[in-house]
């Protein structure tokens, strides 16, 4: 089939590369979000998908308004048979969806109808799910609600961050998307409607929502931190400094003894080998932390240099 690939960030690259290397399909263009400011100077940079396409000599489409009549007409001129989508980053309206005869086939990183929305991997980790996966489905106007072509499952490891889990799903999902498009081309796949039961929503996580709530139970705190690692990144405030946090360890999973006395939520205990913070249940041990303007470092090394007030709290 003649394909247009729509995607923007790094996790879309395995699928793009898999389809570019497929002898079954012809990639006629790549659709991605406009260049965005990056780095300290704020210089506009092409998306990871745009860079890959340009390196491969594939035309790149970067409309600011993909649903505009002008772009709908431009896409129609290309006459794609199908459009494959992985984390494009914009909602698509009926006029655009109607252009390719085989529709727009999306790779979504959850087992639909669970975790529809922009942050399915983060939501699955935060919820304590032990199994997740990826689904291919035909895009309809309602959010992630179209009929499903195929799924692949993936176990969530106890220490998985969102970045680590997403990297695995991007690879297994690339194979699923390729197989789905092959089946559509061969007329051997029939999509099935999503069940009405089991629907859950995973909206984008804001920076403010990534602030750690130390009043929650320790297992919830630990999962939530992994769920926003590396983006947008967990953070807290200690001694008026905004500190980014890497994954933490639960007391039961730590190889070091917990503080001798219970810690109220947000209270900090520093000993020779560890930094502990109280939660709504048991304390957690900090691992890597990032003070303002510095790189990630061991929490103990930072605490020694910072000379924390004994009354300092994480808030």
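From the backbone N, Cα and C atoms, a Cβ is placed for every residue, glycine too.
Annotation comment: Swiss-Prot describes 110, 111, 112, 113 as (6S)-5,6,7,8-tetrahydrofolate binding site.
Shown here: features listed in Swiss-Prot, placed on the structure.
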{"residue": "110", "record": "(6S)-5,6,7,8-tetrahydrofolate binding site", "Cβ within 10 Å": "24"}
{"residue": "111", "record": "(6S)-5,6,7,8-tetrahydrofolate binding site", "Cβ within 10 Å": "21"}
{"residue": "112", "record": "(6S)-5,6,7,8-tetrahydrofolate binding site", "Cβ within 10 Å": "25"}
{"residue": "113", "record": "(6S)-5,6,7,8-tetrahydrofolate binding site", "Cβ within 10 Å": "20"}
Residue 112 ((6S)-5,6,7,8-tetrahydrofolate binding site): secondary structure state under DSSP, collapsed to three categories: coil
Any further residue of that chain within 8 Å (Cβ to the Cβ centroid of 110, 111, 112, 113) of the recorded (6S)-5,6,7,8-tetrahydrofolate site: 108, 114, 115, 116, 120, 133, 135, 144, 151, 194, 198
